[in-house]
Amino acid sequence: MKGMIMLISCLMLIDVVVESKNGYIIEPKGCKYSCSWGSSTWCNRECKFKKGSSGYCAWPACWCYGLPDNVKIFDYYNNKCGK
């Protein structure tokens, strides 16, 4: 029983330490990186360049998985694109 509690505790700690986020990556002006059908390879490369685990074209913009906390992603409520 103690071993099971220890295992669960370790897994929870790993989840906290290796926390990442998912979302639309943004350009310096705050706009999403645009893409078109068939450009998932390009989006995946852009996401990995930003230290994400992977990405794809979720038309009309690149969606990334596993981004570090310091990478800015699109936020609907704080949208600065075109302003």
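For all residues, glycine too, the Cβ spot is worked out from N, Cα and C.
Of the cysteines listed (C31, C47, C57), Swiss-Prot assigns C57 as the disulfide partner of C35. For C81, the disulfide partner recorded in Swiss-Prot among C31, C43 is C31.
For C62, the disulfide partner named by Swiss-Prot from the candidate list C43, C47 is C43. Within the set C10, C64, Swiss-Prot assigns C64 as the partner of C47, by disulphide bond. C35 (disulfide bond) has C43, C62 nearby among the disulfide-bonded residues C43, C47, C62, C64, C81, counting only those with a Cα within 10 angstroms of its own Cα. Under the DSSP three-state reduction, C64 (disulfide bond) is assigned to strand.
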